[in-house]
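Inspection log for the structure reproduced underneath, given as structure tokens.
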Amino acid sequence: MPDNPTGTLPEIILASASPRRRQILSEMGFVFSVCPSQAELYPDGSVAPAEFAVLNAQIKAKDIASKYSNGLIIAADTIVVDDFGILGKPSSKKVALNYLSRLGGKPHTVISSVCLLNAENGQIRSATCQSTLTMRPYTQAEAQRYVDSGLPMDKAGAYGIQDKEFNPAENIQGCYLNVVGLPACTLVRLINEMGFNPKLARNWKPEGDCTLCRIYRTEISRLR
């Protein structure tokens, strides 16, 4: 993290339709517009999961950057990885139930890649964040009710850590916001690396127990 990033943030464009990512950015104090990217890769096993997430985030950022002459594009891609491979967003309720059956009572990895692209000069930065999550041993009936609610259908791995009624997680190691879909610690680090000073909301408190999120929150407050 630079000792004193002084650049003023340009207009921020979020290349995602995710309501969770919008909420995280808003709570952090960022003002931004939303222009979701439809560009997306589908896993075929040809690259490692972390590399796949990076490529997907970069493709989304470049897709939206082509529509703007200036502005800072923020794109992200989140995947769930178990012993058998990548679990993206389920294509059907049957697939969602299969994902939940695979994950129940077991640990898995959540990887989020964040990509920032300055549309004015083409500067680009990417980084990934990984968390390990163990699901609680929910029953098949619980999983079916959750799937029938429709809540998991737009989420990687067919669950949302923030879905309190289903409450899927038993234990989380790493960044909570990474599991939600946008690790604040990774985002702030990338913004700093691009030379900008992110002025975070004074009342923002990162959810979860991520040490890096809390450190960045403290450091940014000190630099204001």
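The backbone N, Cα and C atoms fix where each Cβ goes, glycine too.
Secondary structure from DSSP puts ASP77 (active site, proton acceptor) in a beta strand. If you look up Swiss-Prot, you'll see ASP77 marked as active site, proton acceptor, on the strength of sequence analysis.
What Swiss-Prot records for ARG20 (among others) is site 'Important for substrate specificity'. ARG20 (site 'Important for substrate specificity') carries a helical DSSP state (H, G or I).
Every protein chain considered, the tally of other Cβ atoms within 10 Å of the Cβ of THR78 (site 'Important for substrate specificity') stands at 28. Summarising the annotation, Swiss-Prot assigns site 'Important for substrate specificity' to THR78 (among others) and lists sequence analysis as the type of evidence.
Taken from Swiss-Prot, the feature site 'Important for substrate specificity' applies to GLN162 (among others), supported by sequence analysis. Non-local neighbourhood of GLN162 (site 'Important for substrate specificity'): ARG20, VAL180, each in the same chain, at least six residues away, with C-beta under 8 Å from its C-beta.
Summarising the environment of ARG20 (site 'Important for substrate specificity'), the number of other Cβ atoms within 10 Å of its Cβ, over all protein chains shown, is 19.
Sequence-distant neighbours of ASP77 (active site, proton acceptor): residues of the same chain at least 6 apart with a C-beta under 8 Å from its C-beta are ALA53, VAL54, ASN56, ALA57, LYS60, SER112, SER113.
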